[in-house]
Amino acid sequence: MAASKPVEAAVVAAAAPSSGSGVGGGGATAGPGTGGLPRWQLALAVGAPLLLGAGAMYLWSRQRRRREAGGRGDAGGLKRNSERKTPEGRASPAPGSGHPEGSGAQLEMNSLDRAQAAKNKGNKYFKAGKYEQAIQCYTEAISLCPIEKNADLSTFYQNRAAAFEQLQKWKEVAQDCTKAVELNPKYVKALFRRAKAHEKLDNKKECLEDVTAVCILEGFQNQQSMLLADKVLKLLGKEKAKEKYKNREPLMPSPQFIKSYFSSFTDDIISQPMLKGEKSDEDKDKEGEASEVKENSGYLRAKQYMEEENYDKIISECSKEIDAQGKYMAEALLLRATFYLLIGNASAAKPDLDKVISLKEANVKLRANALIKRGSMYMQQQQPLLSTQDFNMAADIDPQNADVYHHRGQLKILLDQVEEAVADFDECIRLRPESALAQAQKCFALYRQAYTGNNSSQIQAAMKGFEEVIKKFPRCAEGYALYAQALTDQQQFGKADDMYDKCIDLEPDNATTYVHKGLLQLQWKQDLDRGLELISKAIEIDNKCDFAYETMGTIEVQRGNMEKAIDMFNKAINLAKSEMEMAHLYSLCDAAHAQTEVAKKYGLKPPTL
């Protein structure tokens, strides 16, 4: 591929699931032979958010891109260096260090020679597993070494740190490595050993800064250091997200996201338009209040607000119906739970969903819908067994409900159970032959299976399937989006660009399509200006599109604009719809912060666009 590695990496880094149409929005992916720098260096994700009731197709592609970007230890040429735990000789060759131990010439050694001899003796003790004696010898070498011999002194401190490490004296390890780095600021062994000590001491921020410096100095060629960076980024992200998410202000998503979410259900009673007998023909008043409904029902008023896209009032109106134990209490519980999920308040949603599921007298479609939504919530919380149980229960109680199979198929994609996913999509299509979304997603599942298995004939069959779907359902934007993703995999960039244009024609207010088209410009033409222009357009269309801010931040990292990147990531964090998604975004932000600090301390910067 013609793209330079940083450009490829920016594309791989930023294409991620988000608040898109149907299943959450498409994404440009690097093909199987593409290059790319490691994911954490690019401020990449280390978690994978699952958008409510949707997102499985793009989530899979995001997970795959992360594996490709960050896991090329064998295929991509990353070196699995052996663990750095042995002592070493001098940092750089110097004259006068070749006297054999025990020779008569040793009596006439100068202080540096004697220091080297003590160090060599320490190395013998180290290799013999006699670490206390080795420490004594390295200490002697430090005391004998002339203070102006920075390179030698740094080696002696680093060797003593290696011996302390074997004794698990982490504080001493960190102290000696700090001395070594002060004497030799780009000393990789000392920086990495100090990073490991900071990890043991639970100093995550300091650990991340050290391992960031190591990765940059090594040119991102050592898997061991990259794995440590990935690990600490995950831990930092989870810690910060747990605290932030607990105290966050609930935020209603954009109207486009909400409509897209509900469009992924066809057997959902609460999202159906109000019946003629449920509302009057009066216009809403100048205050924007709901039209009068024929019954004094909080639920029916909530439904009216929903039709008017006045979403902020829905939870309170549902609560009135529930408190009054009204006629539509089960519907109100489900609608309130749904909007709790949409604003990211899963803890408030679960009791409502539990109650609907337990109401044996409630409409079976309400109970099945509650099970689908609770199952999606469990998957978002990384509890796949509970998620699977809920979907299976939904299929048991309402076997003719197409939504059950549609959404369970997406779950199976996430669990790498592609054959079962295809079977579920087939059942959904049998029940609802006009379901364009299910047919497009079935094609994507088959393509994913062929792509993963590197089966060229099956890939071509899947691509033909996409052509048939968009021909049969020319108004299905999601079909074009998924096909565009597959085309990008196959490096058919021009045709993929055409598919994104068709998506925009059908859904001009879908911000995520502009982001994906922008990413395609980077991967295809390395046209940074056009890519950023399209992503900025996405933010203009929907200023709550966290995917756009995240993508912009990742690209700014690649450009070396860390302050702007951090600002973009923070905006995305405030829009995060789940704790897991927030943890992922904090990891991006922490990676950018670490690169900023490393640049200040050591003057080290990774390659930029």
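Quick reminder: no glycine exception, Cβ is built from N, Cα and C everywhere.
TrEMBL has this to say about the protein:
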- 67-106: region 'Disordered' (REGION)
- 115-148: repeat 'TPR' (REPEAT)
- 274-294: region 'Disordered' (REGION)
- 276-294: compositional bias 'Basic and acidic residues' (COMPBIAS)
- 368-401: repeat 'TPR' (REPEAT)
- 402-435: repeat 'TPR' (REPEAT)
- 477-510: repeat 'TPR' (REPEAT)
- 546-579: repeat 'TPR' (REPEAT)
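Through the fold, the repeat 'TPR' (368-401) approaches residues 49-53, 265, 267-270, 334, 337-338, 341, 346, 349-350, 353-354, 356-357, 407-408, 411, 414-415, 431, 578, 580 of its own chain, all at least 6 residues removed from its boundaries and within a Cβ separation under 8 Å. For the repeat 'TPR' (402-435), the DSSP-based tally of helix, strand and coil residues reads 27 helix, 0 strand, 7 coil.
Confidence in the repeat 'TPR' (402-435), given as mean pLDDT, stands at 95. Residue counts of the repeat 'TPR' (115-148) by helix, strand and coil are 27 helix, 0 strand, 7 coil (DSSP-based).
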